[in-house]
Amino acid sequence: MNTPRVVVAGGGTAGHIEPALAVAESLRHRGAEVVALGTTKGLETSIVPERGFELRLINPVPVPRKINADLFKLPFRLLATISQTRKILKEFDTDVVIGFGGYVAAPAYIAAKLQKIPFIVHEANARSGMANKLGVRLGGMGLNAVANSGMPGTVVGIPIRSSLSGDNTALDRAQQLWGLDPEKKTILITGGSQGARSINAAVAEGIDAVLADPDVQVLHAYGRKNSAPEAQERYVPVAYIDDMAAAYAIADLVIGRSGAMTVAENTAAGIPAIYVPLPHGNGEQGLNAQPLVEEGAAVLVADSEFNGEAFSSLAAKILGDQETYNTMVIAAKESGTANAAETIADIIYSIVKNHDRNK
C-alpha cells in the first residue's frame, strides 16, 4: 500500500480543529502525509502550524441567517470555494478526505465527491449539523461521537490529543506556567476557544467566596476578546491556554461550556465538571453533557442560572465532599473514549488499502 495522503477539514473554532488534529497526529505517527484545510477566519491559522501541519486555505462561506444581499451571493461564493478545494485535493494527490463540520467541511465533501475521492464525515456533537448531514447524503462514511445524533453512521467517540494523557511533565509545566500549587485543589474555568462572557461574569461575582477556602486555587481562561478580574493570590486569569495537557494535569474540577471537544477531553482526563451550555444554537451543548450528568460525572447549569452564588456553592459542594468528588472522578473516567483517534486512523488506512486494490 502506498503512503496514505489525507486531507483533514475542520476549521473555525477549537471544537472543529482539535478532533481534526487528533486524527492528523495519529495518522502522522503511522507515516501518513496529512494536510489540513481551513480558512483565514478561524483559529486554525495559528493552531495548525503550531502542531507542525501544513495548512491550505480556502475562502469561508458562512450561510447568512437573514435574507439579504449576501444570501444571493452564496451560490457563487460556494462554487468558487469548491473550485479552490478541488484544486487543493488534486495538487496533494489526495487519497481520503475527512471532515469535522463547520465552514470548511461542506466544500470539502462536495469537492471530494466531484473528484471521486473517498470521504469521511465525523460528527462530534449529540445533534448533527447541516454540513455533516449533507456530507453523508453525498455518500460520505458517517462516524458519530454518540448514538442518535440524527446523522447515520458508526459510533466511534471523539478523537482527542494523545498528549492530554500520559504526559509525565505536564504537572511541572502547570507550576512553571501559572505558579499553581499541586497540593491545592484547582478549578479550571474555560469558555472554550472563544471564552464565555456569562461565565466570566459569574467568576467576577463569586471569586472571593471561592477563594475564601485557602485550599482552593483557580485557573481562568477568559477568552482573548473578553476581560476578567485582576489576578490575585490563588487566582490566575489568562486569555487562552495553549498547553491544555498542563491545565488538565493540575485541574480537579472543570467549569465551562459543554462543546463536544471539551466534554470529551474532560472525561478522558477523568475530571468532574460543571457544564454551562451555550444558550444558543440547536441545543447540542446541553445534549453533549446530558449523558455525563446521568452517569454522575458532571453537573449541568443553565446559562441564565449560573451566577456568582451558583459558582461558589457548586464548587464548594463538589470539592468539599471527598466521597462525592471520588464518585464523579470514577464516572468521568468510565465515560471517556480515548482511543477514537486510533479507531478513525484504522478506518482511513482500510479505505486507502481497499481503494488501491480497486484501482
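Residue numbering: from 1, along the chain as shown.
Using the three backbone atoms N, Cα and C, a Cβ is placed for every residue, glycine included.
Per Swiss-Prot, the features are:
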- Thr13, Ala14, Gly15, Asn125, Arg161, Ser193, Ile241, Gln285: UDP-N-acetyl-alpha-D-glucosamine binding site (BINDING)
Counting across all protein chains, other CB atoms within 10 angstroms of the CB of Ile241 (UDP-N-acetyl-alpha-D-glucosamine binding site) number 18
Tally every other Cβ atom lying within 10 Å of the Cβ atom of Asn125 (UDP-N-acetyl-alpha-D-glucosamine binding site). 28
Name, in the order they occur in the sequence, the residues of the same chain whose CB lies under 8 A from the CB of Arg161 (UDP-N-acetyl-alpha-D-glucosamine binding site) and which sit 6 or more residues away. Glu18, Leu21, Ala22, Glu25, Met244, Ala245, Glu265
With an 8 Å cut-off on Cβ-Cβ distance and a minimum sequence separation of at least 6, pull the same-chain contacts of Gln285 (UDP-N-acetyl-alpha-D-glucosamine binding site), or say none. Asn125, Arg257, Ser258, Gly259, Tyr275, Pro277, Leu278
How many neighbouring Cβ atoms, not counting its own, are there within 10 Å of the Cβ of Ala14 (UDP-N-acetyl-alpha-D-glucosamine binding site)? 21
In three-state DSSP terms, the structure that Gly15 (UDP-N-acetyl-alpha-D-glucosamine binding site) belongs to: helix
Please report the DSSP secondary structure of Gln285 (UDP-N-acetyl-alpha-D-glucosamine binding site), reduced to three states. helix
